[in-house]
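These features come from Swiss-Prot:
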type     : residues                                                       : note
TRANSMEM : 15-35                                                          : transmembrane segment
DOMAIN   : 27-309                                                         : domain 'ABC transmembrane type-1'
TRANSMEM : 63-83                                                          : transmembrane segment
TRANSMEM : 153-173                                                        : transmembrane segment
TRANSMEM : 251-271                                                        : transmembrane segment
TRANSMEM : 277-297                                                        : transmembrane segment
DOMAIN   : 341-576                                                        : domain 'ABC transporter'
BINDING  : Gly375, Ser376, Ser377, Gly378, Ser379, Gly380, Lys381, Thr382 : ATP binding site
Amino acid sequence: MKDSFKNSWAIYRRLLGYLLGYWKVLLLSMLSMAVAALTEPAVAKLLKPLIDGGFVNKDPQVIMWVPLAIIGIYLIRGLAGFINEYTASWLTGQLVQRLRQQMFAKLVNLPARYYDEHQSGRLMSRITNDVNQVTEAGFNVITVTVRDGLTALGMLGLMLTTDWQLTLICLVVMPAVTYCMRLVGQRLRGLARQNQQHMAQMTQVLAESIQCQRAIKVYGGQEREMARFDHTATSVRRNQVKQSAASAANTGVTQLMIACALAAILYFAGLRAQHGGLTAGDFMVFLTAMLGLFAPVKRISSVSQAMQRGLAAAESVFAFIDEPGEPDDGASALPATRGRLSFDAVSFAYPNVDSPALSGIDLEIQPGETVALVGSSGSGKTTLASLVPRFYEPSAGRLLLDGVPLADIPLRQLRGHIALVSQQVELFNDTVAANIAYGREDASREEIVEAARAANAMEFIEGLPDGLETVIGENGARLSGGQRQRLAIARALLKNAPLLILDEATSALDTQSERLVQAALENLMKNRTTIVIAHRLSTIENADRIVVMHQGRLAEQGRHQALLEQGGLYARLHSLQFSEPQAD
């Protein structure tokens, strides 16, 4: 219990830190809340002169000035309420924006391993759903606490000055209400955590159903996906019912205690009135203050529910923000890169996988050399290439560029020397030109066109409705597979980096396009260090060196003809591939 309180306070204190950056607006909001809150006991206080002076003593002056005073108080209350609502909305917007900006900045700087271990649906849910719930634990809770807290204190003070004995009866129920709030609040926080998990699972199913909609249709997976969605939606519904039940229990218990207090107070007030200790005006003031006290106390008691939900969401948000980013401690500048890559006893293992993906790799790639990595699926080709831009860090050994360890080179500078074209093309919902020039915003129109021509892409670009300014849809959904691949190649051509990684770069092209693009790639690879990952061995026969990988190790290396003559693993792969019947 004590550790939980400390953790909650630490989370809440961190949230307040975001708001303190706007302390002037926060102060104005607090002052307007205080003014609006104190108008309620002020109105209740006016009932005594109105009842005793106006109705009992028939004083005409009282009947005139009390209504005017009430109008003035409500004018002040309306202005203060407007200022409070506006500043609260502004502060809430700032809080949400800053959290989302920090989360997105973390998102784009997380290591590749994090994405391997976490579902995309949960990541999206954190940035959208969780951040919205954080505002409940941020400014919304402050608003209710300050506004209703001051109202409650004002009403309580008015009750004490009117009749302290009756006030003591009201205070008897408060410890019991607080105790019940704490018990139910703990339950609500646990249910809020579960709800976030269920919502993330439902978001994941939705995301996969949208991304894989063609596979779902072709393989008849509609019923399976509907069953998955029904399961997650049912979990969300059941959890929300539990939350509603716990919330209703909290509200019901609070209201029952308030009703008991009200009955007791009315009874004792009647006794005091019989003995002349309470005037009609006093009773109306006390009754109005007491009834006015219950509403803010009820809201304060229910604010614990919002706080528990918000704290659970804030815990998730801050855990994401605090995730360690990619290691980037390098300080060695590389003014000019020759492109010599060295793998020195490099090993790598994925988390929770028994066998290593790479074991003791020793490989030297000379400047301007084209090295092809071949092997069966799972042999470690893509993993080895992924170590070059430091998507992953080796478990043992080290990689060097021109004799400088990659870990000593700043990530931005290292990746500035690398161009990548992979089998899984990644495009943005933007224009053709913007996708080609991604990372080269300073590129001229002529450079973009030249890169597109070299990648054999201009022929289809010119046929698009708006040419280079055509928006291609999410991940290039409006283009064919071959067209998307050629845009990715054009992007690599435009970057003109000294290091190239081509991961099945021509796999999505038809035969005619493959020949043209292969010729463009061969021109690009001249005098550049290139790592080519290929399944079709026909595309890498002219490589300077072919490295054959098997179960995470280097099995063979050499030129195409020499490896065939050895009759080893490469020769068997070549024989197997070229003995397969060719598709029409």
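Every residue gets a Cβ built from N, Cα and C, even glycine.
Fewest other C-beta atoms within 10 Å: among the binding-site residues Ser376, Ser377, Ser379, Thr382, that description fits Ser377. On the 0 to 100 pLDDT scale, the model's mean across the domain 'ABC transporter' (341-576) is 88. Of all the binding-site residues listed (Gly375, Gly378, Gly380), Gly378 has the fewest other CB atoms within 10 A of its CB. Cβ neighbour count for Lys381 (ATP binding site): 24 (other Cβ atoms within 10 Å of its Cβ, all protein chains included).
Highlighted in sequence order, Thr383, Met549 have their Cβ within 8 Å of the centre of the Cβ atoms of Gly375, Ser376, Ser377, Gly378, Ser379, Gly380, Lys381, Thr382, the residues recorded for ATP, and are not part of that set.
In the three-state DSSP assignment, the secondary structure recorded for Thr382 (ATP binding site) is helix.
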